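S.K.: Below is one structure. I have some questions about it.
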Amino acid sequence: MTTFEGRFTDTADLRIAVVVARFNDLVTSKLLSGCLDCLSRHGIDTAETSSQLDVAWVPGSFELPIVAQNLAQSGRYQVVITLGAVIRGDTPHFDVVVAEASKGIATVARESGVPVIFGVLTTDTMQQALERAGIKSNLGWSYGLQALEMGSLMAALAQS
């Protein structure tokens, strides 16, 4: 029996794209900071001149899938991370955006064969979003870690 697992130290050949929603950027910028901190601490060059990392900003979480698809299909990246924050309001808009973003991101991963990390917070309040983006913990770090694991796992599967 063969066991396949991603390793968090196999980062030398990893190229990652991060797509960040500008809407609720008070939250998403903190998620991005946590994500970049994780990637940097695990050996990914996160400098502005990095050849391992690119960041694309989109207007909101609804736009994440199309840009993630473009990046995943480019052949330049082993992993794409999507970061967004959708906070419930008084209208059904929340449900529409969350459903379409999650379905779209999952479809990109399935159709491209490139792991796409779903880093979209879905919360009832801004306070809950901020707690998940740095006040209590920063899920951006977790999304970075997921990307490293999936990139390494996909490389291991390709070599088997």
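Cβ coordinates are placed from backbone N, Cα and C, and glycine is handled just like the others.
Pulled from Swiss-Prot, these are the listed features:
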- F23, S61, F62, E63, A85, V86, I87, F118: 5-amino-6-(D-ribitylamino)uracil binding site (BINDING)
- D90, T91, R132: (2S)-2-hydroxy-3-oxobutyl phosphate binding site (BINDING)
- H93: active site, proton donor (ACT_SITE)
S.K.: Going along the chain, which residues six or more apart from F62 (5-amino-6-(D-ribitylamino)uracil binding site) have their CB under 8 A from its CB?
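M.R.: Same-chain residues close to F62 (5-amino-6-(D-ribitylamino)uracil binding site) (Cβ under 8 Å, separated by 6 or more) are V97, E100, A101.
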S.K.: Cβ-Cβ under 8 Å from V86 (5-amino-6-(D-ribitylamino)uracil binding site), same chain, 6 or more residues apart: which ones?
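M.R.: In sequence order, the residues whose Cβ lies under 8 Å from that of V86 (5-amino-6-(D-ribitylamino)uracil binding site) (at least 6 apart) are N24, S61, F94, V97, V98, A101, V120, L121, T122, T123.
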S.K.: Could you tally the C-beta atoms, other than its own, that fall within 10 angstroms of the C-beta of S61 (5-amino-6-(D-ribitylamino)uracil binding site)?
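M.R.: Taking all protein chains shown, S61 (5-amino-6-(D-ribitylamino)uracil binding site) has 29 Cβ neighbours within 10 Å.
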S.K.: How big is the Cα-to-Cα gap, in Å, between F23 (5-amino-6-(D-ribitylamino)uracil binding site) and H93 (active site, proton donor)?
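M.R.: So the Cα of H93 (active site, proton donor) lies 14 Å away from that of F23 (5-amino-6-(D-ribitylamino)uracil binding site).
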S.K.: For T91 ((2S)-2-hydroxy-3-oxobutyl phosphate binding site), what is the tally of other C-beta atoms lying within 10 angstroms of its C-beta?
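M.R.: The Cβ of T91 ((2S)-2-hydroxy-3-oxobutyl phosphate binding site) has 8 Cβ neighbours within 10 Å.
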S.K.: Return the count of C-beta atoms lying within 10 angstroms of the C-beta of R132 ((2S)-2-hydroxy-3-oxobutyl phosphate binding site), excluding that atom itself.
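M.R.: The answer is 22.
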S.K.: In sequence order, what residues of the same chain, 6+ apart, have a Cβ less than 8 Å from the Cβ of F118 (5-amino-6-(D-ribitylamino)uracil binding site)?
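M.R.: Those within reach of F118 (5-amino-6-(D-ribitylamino)uracil binding site), by Cβ under 8 Å and sequence separation of 6 or more, are T82, S102, I105, A106.
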S.K.: Can you grab the distance from R132 ((2S)-2-hydroxy-3-oxobutyl phosphate binding site) over to the residue listed as 'active site, proton donor'? Cα atoms, rounded to a whole Å.
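M.R.: Between the Cα atoms of R132 ((2S)-2-hydroxy-3-oxobutyl phosphate binding site) and the residue listed as 'active site, proton donor', the distance comes to 22 Å.
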